[in-house]
Structure formats: C-alpha cells, structure tokens
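Marked as compositional bias 'Basic and acidic residues' by TrEMBL: 518-536. Positions annotated as region 'Disordered' by TrEMBL: 1-24, 517-536. Residues or ranges marked as transmembrane segment by TrEMBL: 48-71, 102-123, 135-155, 175-194, 214-233, 261-291, 303-326, 338-357, 394-412, 445-463, 483-504.
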Amino acid sequence: MPIPTETASPAPDPSEPRSGPAPAPLPLRVRVGWGLGGIADNFMSSTLFVLGMILYVTAFHVPAGLAGVALSVPRFVDAITDPLIGNLSDNFRSRWGRRRPMIVAGAVGSAVLLPLMWFPPLLETAGNPWYSNGPFWYLSIVGSLYFVFYTLFMVPYTALGFELTDDYDQRTRVLAWRMYLGLAASMTVPALYWFCRLPVFGDGIDGEVNGVRWVTLILAAIVLVTGLAPAIACRERPEAATQPTTPILPAVRATLQNGPFLVLFIAYMAVIMGIFTAGTVGTFALIYYVFQGAATVDAAKDHAAFLGLLAGVLAALTSYGSMFLAAWVSRRTGKRPAMILGLSLMLVGTVSIWFLYDPAAAINDRDGGLVRGFVAAAGALGAEPDPAAIKPGVLLATFLLSLGGQGCWLMVDSMTADICDEDELRTGRRREGMFGAAQGFGRKIALAFTVLGGGFLLDWIGFDPEAAEAAGGVGPEVADRMLLTLILCQGGGLVIALCVFALYPITRARAAATQAELARRRGENHPPPPRDPDKA
C-alpha cells in the first residue's frame, strides 16, 4: 500500500483537542533512565571536539592543518561504522534484546578510552610531516577506536528512544528527556577548556595538559554511570524480536529511498556543517578578536575560557526554553513550522554576531551583583577571572542562537520517529537502528569535514599559533577574517537548511493516517484468539 498523502485524511484544526483518549505516559523511571543517556552522549561526542584542536595545537604543538586531519579521521571512521552498527542493532538477537547489550559495550569502551587520548607519545616529533608525526598518528588511531565505541552506544541508544512510544505528540515529550538531562552536560561542555586551566592543575602549558587528563578521567566516570542507565531502565518492543533480518545493502537502499528522510537528512547536514565549522573557529575568534586588547595571549585565553563557561550556562538554560517553545508550536501547528521557527531564530543570532562581538564592550563589577556572583563562584573553584571578561554582546548572541537551536534538535529526533512509522508501512519492518545510524552518519560525516575544514580554515585565515604567542596576538586583518568566517559558515548552513526544509511532507494528518494503517495491519497479523462457544 502506498504511503498516505496529505489527502489521506482531513487535516485537523490545530487549535482543537485531539480526538480519542491520549495514551498513558511512559513511567517516570523509563523516561529518566533513557534521558540520562543524553549526559553520556554529550560528553562522548563533544569532549574531543572541544578540547582536541586547542590542546593538540597549543600544548602538543601539532600544526593546525595536521591536527584537523587527525581529528577528522576518527569522525570518518565513526561515520562509516554507523550503518553497519545500525543494521546490526536492528538484526541483533539476544535474551537481553536488540539494543541493550550494545549500549553497555559502547558505554564501557568509551569511558575507558576518553582519558587515554591525552597521552600522546613521541612529542618531539610533533612538528614532523604526517608520516613521522607521533602525536598525529596517536590521535588518529586512538580517536578512531574511541568513536567506534561511541557509535556502538549511540546508535542503539537513539533507536531505543524512537521506539518507546508511537504517539505523535508524546514522541516529542519523551525524546525531550534526553535533552532535559543532557543539557546538564551541555552547561559544562563549553567550559571544559576553562576547567583544564584551573590553577589547581598547575601553570602554563604543563598545567593545561595535567588539567585535561584529570578532567577527562572525571568525565569517563560520568559517562560510564549515565551510559549504562538506559540499558537498565528501558525495555524493547517484543514484536521486533520476531521480524526477519535484513542484509546491510538492502537496508541502506530502503533508507535512501525514503523521501521525507532525505529532506530531513540534507537539512540536518547543512545545519551541522555550518554550525560546527564555525565552532572550530569560534574559540579562536573569542581569543584573538573579542579579547584582542588583553595584555597577553595567555590572559586572552583565560578570558575566553571564562566567557565560554558563562555562555555554556546561558545556552543550556535558554535551551530549556527552546524545547518548550518548539513543543508548544509543534502541538499547535506541527513539527515543520516548529523547525522553521528554530532555524530562523538561529539565523538571527548568527547575523547578530557581526554587531555584538565587540572587543570594546564589557561589564564591570560595579554594574551589579550578578557579575560579582559569577566571579565569586569562579574564585571558589580556584580561578580569578577579570570581570571585564564578561562580554554582554557575546552572551546576547548566544541567547538568540540557543533559543532556536535545541528545539531544532528535538524536532529532528521526533520527526525521525515519525519517519520510522512510514518506513514500516512501506517495508513491514521496524528499523529505528538504521534510521538512527543514518542520522548519526550524516552528523559525523559533517563533523569530520568541519574539523578537517576548520584546521585548514585557520591556515587560510593566516593564523600562526607560534607567531601569535610571540607577538601577543594576531593582526587586525586576521582577527576580522576569523569573525567573518564564523558568520558566513554558520549563516550559510542555516539558509540552506531553511530552503530544503520547506519540502518536508509529514504533517499531523499524514502521521495519523500512517498510524491507523499500521494498527490495522498489526491487528490482522495478530488477531484475537477465537472465543469458545461453550464458554460464551
């Protein structure tokens, strides 16, 4: 039977309540248990991206372009394994289910390898060409193995979330738990470099290296505990255990033939590539553009790290509002309008960077107790930040970006779950693992290109870390190119995504028609047992 179209059922009035009783919500234990995996996901996926370039370039002295290549290799390996692990997750059978054993293996392996990435050997070869560069090869190999374990966790974990409920609106609410709890990690991710530079770990480059080793050891313990939680708290669909297995190539072909998923995939790739390419340059833009007036490069790094902490906290708090806004719009108008609103807010925030990243603007400690509170809290951790490091324009741009961003990620997950229903209607199989893997594949390929491109962008911009250290900064032309690159990369990705996403076809009415047909088919395949006339 063909996939239902917009004419398959009349579109309901979004202002009217849904007909029929709402399904019972999942138990809180299940929602929280699955959501805790979002903390592990945040730290697994972001730590190397946030710390890798800055530590391997400035502390281990690997050239920026070569460091970008080394950081992109694990992403490419990770992306290639996504479809393989996705199909394995859909076809795996065990007494503990399809997803849960793989979640356990991925969480344990990632926790073991995360701290080991900061012990590169042969540091004296860091300036050598790639074929004889010890730190380059160490980062490429250990990083690749780490991200294989991350995929082993992430793909079945995502698939498990997609199959927890079939309801159009409950999907958004249930999947939001991953973000509610994952945002606790998001608050600290932008500040990881700041934590690594705390005086308790020592001074200068040696202090940063010591700091990253201790910080990632603590993160590994958090990853282990929160990564195991979904496997303990959640159960899987019993009917999926009896469906036929699907070889990898037919599974990939069926995924690529799904029109709604292709629209979502292309738009998602555009956003990821734009935002994370910009993010690779973003830390350098803070240090060398926003804080170009600092007395030394080391002082600019301290200011940028502290501002990253404040921006991370603000982004996480604003992201809660972003999710509530997206869910509210989705309930009333549908998921596509909610996504377009989020992308538009992010675009406004991106354009505002040109006006708000002002090196001359700062808040002084006389301007209020809030600033003094931030400084006092940092002092309790052993740091002594300058109140002038608090840039109001940077924080405002962060607010605008975050108000749209998290709601977009929530809609992507919720829409993917709807797409899995349409795929079942067409193929007769539940393939959440393959769709979660395809989504992860796109994200990781995009991240690999952004890390690779970010390193070469720094070279193209004209950034020389040794010259910058010696001169106490970079020239105004280099600083301006950093800011312009940040805006153009991020804004370009968002514009492409907005244009593509206008084609997304699944509405509430179409999803309801799909669910009704699936319910009818399941009833035919599993009819109730015949009644015994003698017991009537």
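Cβ atoms here come from the backbone N, Cα and C positions, even for glycine.
Note that TrEMBL annotation is computational and uncurated.
Keep in mind it's a predicted model, so treat the numbers as computed, not measured.
Residues 29-30, 32-34, 36-40, 43-44, 47, 51, 99-101, 103-104, 106-108, 110-112, 114-115, 117-118, 153, 157, 160, 185, 192, 195-196, 201 of the same chain lie 6+ residues outside the transmembrane segment (214-233) yet bring a C-beta within less than 8 angstroms of a C-beta in it. Of the two recorded stretches, the transmembrane segment (338-357) does not lie close to the transmembrane segment (48-71), with fewer than three CB pairs under 8 Å once pairs fewer than 6 apart in sequence are set aside. Across 48-71, 175-194, 483-504, stretch 175-194 shows the highest tally of CB pairs under 8 A with the transmembrane segment (303-326). Three or more CB pairs closer than 8 A are found between the transmembrane segment (102-123) and the transmembrane segment (48-71), so contact between the two stretches is assigned (pairs 6 or more residues apart).
Within the chain carrying the transmembrane segment (261-291), a Cβ under 8 angstroms from the stretch's Cβ atoms is held by residues 49, 53-54, 68, 193, 255, 297, 299-301, 303-304, 307-308, 343, 346, 357-359, 389, 391, 394, 408, 412, 415-416, 419, 423, 435, 438-439, 442-443, 445-447, 449-451, 453-455, 457-458, 461, 463, 468, 473-474, 478-480, 482-483, 485-487, 489-494, 496-497, 500-501, 503-505, all 6 or more beyond its ends. When Cβ-Cβ distances below 8 Å are used as the criterion, the transmembrane segment (175-194) is approached by residues 31-32, 34-39, 41-43, 46-47, 50-51, 54, 161, 215, 222, 283, 305-306, 308-309, 311-313, 315-317, 319-320, 323, 327, 383, 406, 409-410, 413-414, 417 of the same chain, each at least six residues removed from its ends.
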